[in-house]
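According to Swiss-Prot, the feature active site, proton acceptor maps to Tyr200. The NADP(+) binding site annotation in Swiss-Prot covers 48-77. Annotation comment: Swiss-Prot describes Ser187 as substrate binding site. According to Swiss-Prot, the transmembrane segment annotation covers 8-28, 125-145, 269-289.
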Amino acid sequence: MEPFADALFWVGAVTVLWLSVSSLWSLINGIRVWILGNGNLMRASSLGKWAVVTGATDGIGKAYAEELARRGFAIVLISRTQEKLDEVSKAIESKYKVETKTISADFGSVDIYPKIESGLAGLEIGVLVNNVGVSYSYPEFFLNIPDVDSFINNMININIMSVCQMTRLVLPRMVDRSKGVILNVASASGMYPVPLLTLYSSTKAFVDFFSRGLDAEYKSKGIIIQSVLPFYVTTKLSKIRKPTLDIPTPERYVKAQLSTIGLQTQSNGYLPHAIMGWVTASLLPAKLLNKYVMGMGLSQRARYLKKQKQG
């Protein structure tokens, strides 16, 4: 029995040592990311004059445009409605005293990229924020989605094609200059399957994998590419208006997220969201999480349909 007991002792000792080292490293890394941060990286003086933001007139996109302008970047605002673009552009120029440029484009279409390429020609772009996105009006079974064929095309064009094409347009000049940051705003919904939002969740999983793969490809070229995976933020897309500790305003979220750049390839961007991401993706069994998310979706779907029926 002694050899067996000795073996058990060493297995236990190595396990305790590994857990201790792992816990210590997690603590040190957490302090580095969430307390010390890397806020000084995101400056026009170190990356390049211009920051390009898609979906820039509302929510997280607008918050990125404003915060990057505050840090000294000139801003290219890309969104669908010229009137909203002009309004945000004027406000940013007035408040932050930086140059702006607007490009109106409907990312639901695939023929917009020559226009965008022309609008970006000659600009020294230090930052690209691929933020534009679309979700479901309400949770629904895949085959029950109204006009599902059009829905599929629109969501893929906006959530996936925009990220690929905007990266294609901007990345070459970043590589030439050996510096630049690309932030691809995915969603915590891309960390695991979300039944009844299946297509949306899948597009965000694509954005996450695309970002992490490209970061590995171009890190040696001096480029940072980060996958940003927020949980709920008070935006039109989330339909939540009242901020809480775990549901921040876009402004609060963006300020926190920008401090993680260069420290995390894949980031929830905000400490409460990082804790939620760790619990849901690492601690909860997949079957239990799937059951919980499905139940939540069914409840939201029932409330929406009841409200629609009542008129």
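Our numbering is plain: 1 for the first residue shown, then up by one each step along the chain.
Cβ coordinates come from backbone N, Cα and C, glycine included.
Quantities reported herein were computed from a predicted structural model and do not represent experimental measurements.
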> So which of the binding-site residues is most packed in, judged by how many other Cβ atoms lie within 10 Å of its Cβ, out of Gly48, Gly72?
Replying inline: Gly48
> Where's the emptiest Cβ shell within 10 Å among the recorded positions Tyr64, Tyr200?
Replying inline: Tyr200
> Rounded to a whole number, how many Å is the Cα of the residue listed as 'substrate binding site' away from the Cα of Tyr64 (NADP(+) binding site)?
Replying inline: 16
> Which of Ala56, Ile60, Val76 (the binding-site residues) has the most other Cβ atoms within 10 Å?
Replying inline: Ala56
>> DSSP secondary structure for Val76 (NADP(+) binding site), reduced to helix/strand/coil, please.
In response: strand
> How long is the line from the C-alpha of Leu68 (NADP(+) binding site) to the C-alpha of Tyr200 (active site, proton acceptor), rounded to the nearest angstrom?
Replying inline: 27
>> Can you tell me whether DSSP puts Val52 (NADP(+) binding site) in helix, strand or coil?
In response: strand
>> For a quick check of packing: other C-beta atoms within 10 Å of the C-beta of Val52 (NADP(+) binding site), how many?
In response: 29
>> What whole-number Å value do you get for the CA-CA distance of Gly72 (NADP(+) binding site) and the residue listed as 'active site, proton acceptor'?
In response: 34
>> To the nearest Å, how far is the Cα of Tyr200 (active site, proton acceptor) from the Cα of Tyr64 (NADP(+) binding site)?
In response: 22
